[in-house]
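Visitor: Sequence annotations record features per position, and here TrEMBL assigns Zn(2+) binding site to C74, D76, H127, C130.
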Amino acid sequence: MLTGIGVAGVAGLTVGSAAPAAASTPTTPGAALASLLAGNARFRSGHSRHPHQGVADVHRLAAGQHPFAIVLGCADSRVSPEVLFDQGLGDIFDNRVAGNIVDEVVTGSIEYAVAEFAPPVLVVLGHERCGAVAATVETIESGGTPPGSIGALVEALRPAIEPVLHQPGDVVENGVRANIRYQVARLLAGSAIVRDAVAARTLRVVGARYDLDTAAVTLL
Ligand SMILES: [Zn+2]
């Protein structure tokens, strides 16, 4: 059983101790996804409720968390999961890195959350006009070398983006969509813990795109 792995105990990461879910916390993949999308609908229509963001929530959650969703999103300052899904503290186990890249460390972070909290949904969230995707396109097309460690980002994104470089349409938009699908596939290929949860139907993994213009999240 995934919840019996006891990752927190083994690793001594008591900060991650699971707490019982509140009665309103979604417990199925369908309900969890519906909750995220309903929150996004509130946000983009200007009717955010800003749930679970008060001092009382801090105190309620101090003893433990029970997030109902994992998000792997881009570090872009405009793509904050709690804001665009209208959720709050304790709701989403966030993993953010430019280009929403799956690597071993990110996979470990996600596996920890799956094993410890058994959240029913995991969203790989890319977004329109992603700078990391654009930088990768530019590097491939120019043949240049990015400064510092930015090259590591580019090399991680290159296999996702190269196959769609010459497809019709906007190259960055094509790259954003291809990268979301690529990272979902990479996560599933690289994680037996995630695959097992999906096979057991306790976890649904979806790719999604955030639109910077409309604030809408669309499942791919
Ligand atoms: Zn981005």
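Using the three backbone atoms N, Cα and C, a Cβ is placed for every residue, glycine included.
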Visitor: So, in DSSP terms, is C74 (Zn(2+) binding site) helix, strand, or coil?
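Guide: C74 (Zn(2+) binding site) sits in coil per DSSP, no helix or strand.
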Visitor: What is the total of other Cβ atoms whose distance to the Cβ of C74 (Zn(2+) binding site) is within 10 Å?
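Guide: By my count, 23.
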Visitor: Hey, what's the Cβ neighbour count for C130 (Zn(2+) binding site) at 10 Å?
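Guide: Step by step: centre on the Cβ of C130 (Zn(2+) binding site), count other Cβ atoms within 10 Å, giving 27.
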Visitor: Who sits close to D76 (Zn(2+) binding site): which same-chain residues at least 6 apart have their Cβ under 8 Å from its Cβ?
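Guide: Result: A98, H127, C130, G131.
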Visitor: Provide the number of Cβ atoms within 10 Å of the Cβ of H127 (Zn(2+) binding site), excluding the reference atom itself.
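Guide: Around the Cβ of H127 (Zn(2+) binding site), 22 other Cβ atoms lie within 10 Å.
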Visitor: So, three-state DSSP: helix, strand or coil for C130 (Zn(2+) binding site)?
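Guide: Note: C130 (Zn(2+) binding site) is coil by DSSP, not helix or strand.
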Visitor: Taking the center of the Cβ atoms of C74, D76, H127, C130 at the recorded Zn(2+) site, which other residues in this chain have a Cβ no more than 8 Å from that point?
Guide: G73, A75, R78, V79, A98, G99, N100, G126, E128, R129, G131, A132, V133, V176, Y210
